[in-house]
Structure formats: C-alpha cells, structure tokens
C-alpha cells in the first residue's frame, strides 16, 4: 500500500534526524479532496465560510474529467482563476454537501426504553424522552452511489447506517461514537450499535486502523482508540459472544496499529518504558481546515511548515483539536504555530490502551485462548508500570502528560489527568482520595456548570472556559467507581451540575451542544476553528448515562452551591447520620 510505504520511509528519515526538512506524503491520494492545485485554489479563495464544506461536496462527474477541466481553466488564467469563475466551476462540477447521505430511522428505535422509568424528576424524564427521539434525527445511511462510484465522494463507504454527531459533522467520528453507543444501548438499540461496530471493524480490516472520521482526508490519522471498549459495552448489554469470536483478531489488529506506529520509549530510573503518543507523519494542510493551516504556516520559516501541519494532524488525532496541552513547553505556547502534540505522552491515550489490553485479556479468556489472554495481561502490566513511573505524581495525586523533549511532566490541570481512574488502570488503592484532593487543590469543584477542560484561557476550544461531555464522564465515572463514599458523592454532585447545565440550555434553546461555557452560566461554548455545533451525539449519550445512573436523585431545580470541602461535608452529613441509625 503506497501510504504505508511512505510512512515506513518517513520513520527511517526521522530516525536519521531528517524530519522537518523532508516532504511528507499527503493525507490521501485524491488530488481533489486531499492535495493539489484544485484544492489549494478553491480553499484559498474562501468560497465558503467553512473549509470543510468544499471537501465534503460530491463530484458530479468522474474525478479525471474534473481535474482535466480544472487544469485547462487554470492554465488559461495563469494558475490563478478569478473567484467568480472558480465559483462557477465548483457549482458545475460538484454537488451540494450531504447529497450522498440520506436520513435513517433506526429499525430498533422504540418509544419508551426502560431506563426512562428510573428517572424520578418528571421534567428530566420528559427531557430524556426528547433526547431519545434525537437518535432518529441523527441517523444516517449512505446512498448506493457511494459504493458504486467511491471516487466521486470524500465519504468513506460504510455498509451499515450510523449515528452522526450533528451540525457540520455529518459523517461518523471515531471516539465520539463510544459515548453515542453508550447512549444507544440505554435506548435499547443494540442492533444499531452492532452495525456501527461492524463499520469500524471493516475499516480496520481495510486500513489497519479506525480513521479519525468517515472522510478520505481523515484516513491517515486516527482518534483515541476506544474500539475495544465499544465492543465491551456491546457485550455487556447483549452477551453476543459469537460477534466477539468473529472479530477478536480485528480488535487485536487495531491495537497493533498503535503499537507499531505510535509507540515511544521513555528512559527513567535506569529503565526503558514503552508508552504511546499521537503522531501523524503526513504533510500538507488539513483539507477540512486548509486556509487556516496555510495562513498559520505562513508565520513560520518554509522549512518548518510540513512539521507544523503534521503536528496539527496529531492534535486532531488526539480528539483535543486544539488545546494548551499541545502548546505548553514549546517556543510559542500562546500560538497554534507552536503546536507539538507528538512531543508529549498523553495520560488519556495510555489509560485507554491500558483498559483495552485488560479487556483483550478478558475477551481471550472468555474465548478459551489462554496464551493470548496471557499476552495482553502482560502488556497491561507493563503499561501500568510505565504509567506509575512516568506519568503518576504521588505528591500531587494525579497523572500528567510527559514531555519527551523537556523530560518532565506537564503539571497543568486537565480532566484527562484522571483518566486512569476511569479506566481502572492504577495500583494505589488510595488513588480516589488523592484525586479528590487534586480536584479541590485546583478549585475544580467550585465550577457550578461543569468541569472546565483546562484552566488556561487560550481561545482554543479544548481549554477554559469550555466543558465537554466526555471529560465530565471521565471524572464522574472515575470517582463513582471508587469505594470511597466521599468520592461517590462528589461524582453525584458533578453529575447534578452537568445535568442542570444541559437541561437549562435545552430549555432555553431546544438544542444540545458539543460544548458548554462554565464561565457564562453554562451557555453553549465557543472558541476554536468553527462555530459551536448542535446535535449532539456524545453530549446526548453522556446525559443519558448520568440520568440512568442517578435518575432517582437528579433534579431539574436550581443550581447547587459550590462543591468546596465545607459544602461537601454539609451535603454528606445527612446521609452519613442516616447510615448510623438502626433500621
């Protein structure tokens, strides 16, 4: 496969210290959707407010004909087609965005899933019912032409229908789908989940990994590896061991991708530890953000531009596109031009892989393959040791991203610093108590509208003041699973705050959003490269999960007080006194 050959060559060059000066391969081979003069002229003309719109538009005719016509037109205008004629060319040769998809109502959707009956508050129960209805609005299936003429689409064909995030995101996304599936399973839509899982497994069989999303321009980057965790959620609800048996080797293949292509060695205390990072050695601007990437690169020397574009893609692969996480420690921590994603070993990525390795061991044991079960048990043990040595900080009581260049931890606050608690990847039985102190020390419990993504105000969307649903889940579920009563109560109060934020905004705007602003009364968030999006797949999924877990206690009323230690003690006191009474 040409892309794989390019990557192997690039890894060799990087090993020889030739990285930033070498031309990197493009995101995909398409000279329309991924690289080339046509893409450059259209995107730099800014025909559309959002660069993603153009690269999502299907072709009206074969790509060879489109390119030939464009080449002739460009030559006639000295390779600079006037805007009006460029617009006319696009109008003639491309279809409107979204033409390749059609609405889909899942066959397994039902009116009243059981979990709704667990919600005591009538307003919250009605709201949950409305969110359950949204699965029909977010359902999509591909038209047959995507299969018969794939060269005319940037969309990657998937056999089974799926749920999309919403807004500008009309295709599937990898890590979003984990929380979407959690919500779908509560809605008793296991067949929909199975189809989405099969789509991802098919992609692994074809490409060796799950791409960032369902477009060809996403092919060479992935997202946080949650496929094995998705399979576990599905199995927990269905006990479909036959499906696991059919696909266990494909799950292993995906983990192999991360081992072979995203592994780094960290030397500490006389030992070498293998951990993973986000790393996308492919050049050129991101097609879906082309003009922004070109303009950002124009601020750098020409020899540094390819490296910048590769780091931007790695940031997109992280799911946190973009954040101070990937800027801190570099020469320009206040600008996206200083992004250095691949220079950091992320806590959350390694916690996800740690849990995946534990699940793979359990899966193989379930299937009677003891040798493979042992293999993954050893891998998990090795990763746990690496997490404990390289990322864990005993004094602070949290894990931190490790800077490969500075050879030190990034001690800034991010909810991802507690992902090992969520993933069950720790060995210290007192870790939940330390995590609570860490949250208190950073005054995170004083935020009434959700846990902020960081305490850095950079204008990036994965920073303060935005709060994102999956990060709420990482902290809340991590604390909820702890045996410590205080941790469980904080988890509930955090869940209550997040539910009220989402419910209040929905009551005002009749919409769910991808992110919320904790500094502005929990209103829809902002910042980043595009306007805040409605929908919204994983936000809906997390809300349904919290309503399922705490439905008998959650209320739609006024906000609670800050979760300062003294307030928390007051909250806990009645339940503690009740527990002492003889019954």
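The backbone N, Cα and C atoms fix where each Cβ goes, glycine too.
Feature annotations, reproduced from Swiss-Prot:
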type	residues	note
ACT_SITE	321	active site, proton donor/acceptor
ACT_SITE	514	active site, proton donor/acceptor
BINDING	168, 175, 176, 212, 221, 222, 223, 286, 287, 288, 319, 529	substrate binding site
CARBOHYD	78	N-linked glycosylation site
CARBOHYD	239	N-linked glycosylation site
CARBOHYD	261	N-linked glycosylation site
CARBOHYD	369	N-linked glycosylation site
LIPID	556	GPI-anchor amidated serine
SIGNAL	1-23	signal peptide
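Of 78, 223, 239, 261, 514, all annotated as recorded positions, the residue with the shortest Cα distance to residue 321 (active site, proton donor/acceptor) is 223. The number of other CB atoms found within 10 A of the CB of residue 168 (substrate binding site), across every protein chain shown, is 17. The most crowded of the recorded positions listed here (223, 239, 261, 369) is 223, judged by how many other CB atoms sit within 10 Å of its own CB. For the pair formed by residue 261 (N-linked glycosylation site) and residue 514 (active site, proton donor/acceptor), distance between Cα atoms is given as 30 Å, rounded to the nearest Å. Distance from the CA of residue 369 (N-linked glycosylation site) to the CA of residue 223 (substrate binding site) is 29 Å. Residue pairs drawn from 168, 175, 176, 212, 221, 222, 223, 286, 287, 288, 319, 529, the listed substrate binders, are separated by up to 21 Å at the Cα level. In the three-state DSSP assignment, the secondary structure recorded for residue 261 (N-linked glycosylation site) is helix. The binding-site residues considered are 287, 319; of these, 319 has the fewest other C-beta atoms within 10 angstroms of its C-beta. Considering only the recorded positions 78, 168, 239, 319, 514, the residue whose Cα is spatially closest to the Cα of residue 369 (N-linked glycosylation site) is 239. Cα of residue 319 (substrate binding site) to Cα of residue 239 (N-linked glycosylation site): a distance of 30 Å. Following the DSSP three-state reduction, the secondary structure of residue 287 (substrate binding site) is helix. Each residue contributes its Cα atom, and for residue 514 (active site, proton donor/acceptor) and residue 176 (substrate binding site) these two points are 10 Å apart.
Using CA atoms as reference points, the recorded positions 78, 239, 556 were checked against residue 221 (substrate binding site), and the closest is 239. When the alpha carbons of residue 78 (N-linked glycosylation site) and residue 287 (substrate binding site) are compared, the span between them is 23 angstrom. Rounded to a whole value, the Cα-Cα separation of residue 287 (substrate binding site) and residue 239 (N-linked glycosylation site) is 41 Å.
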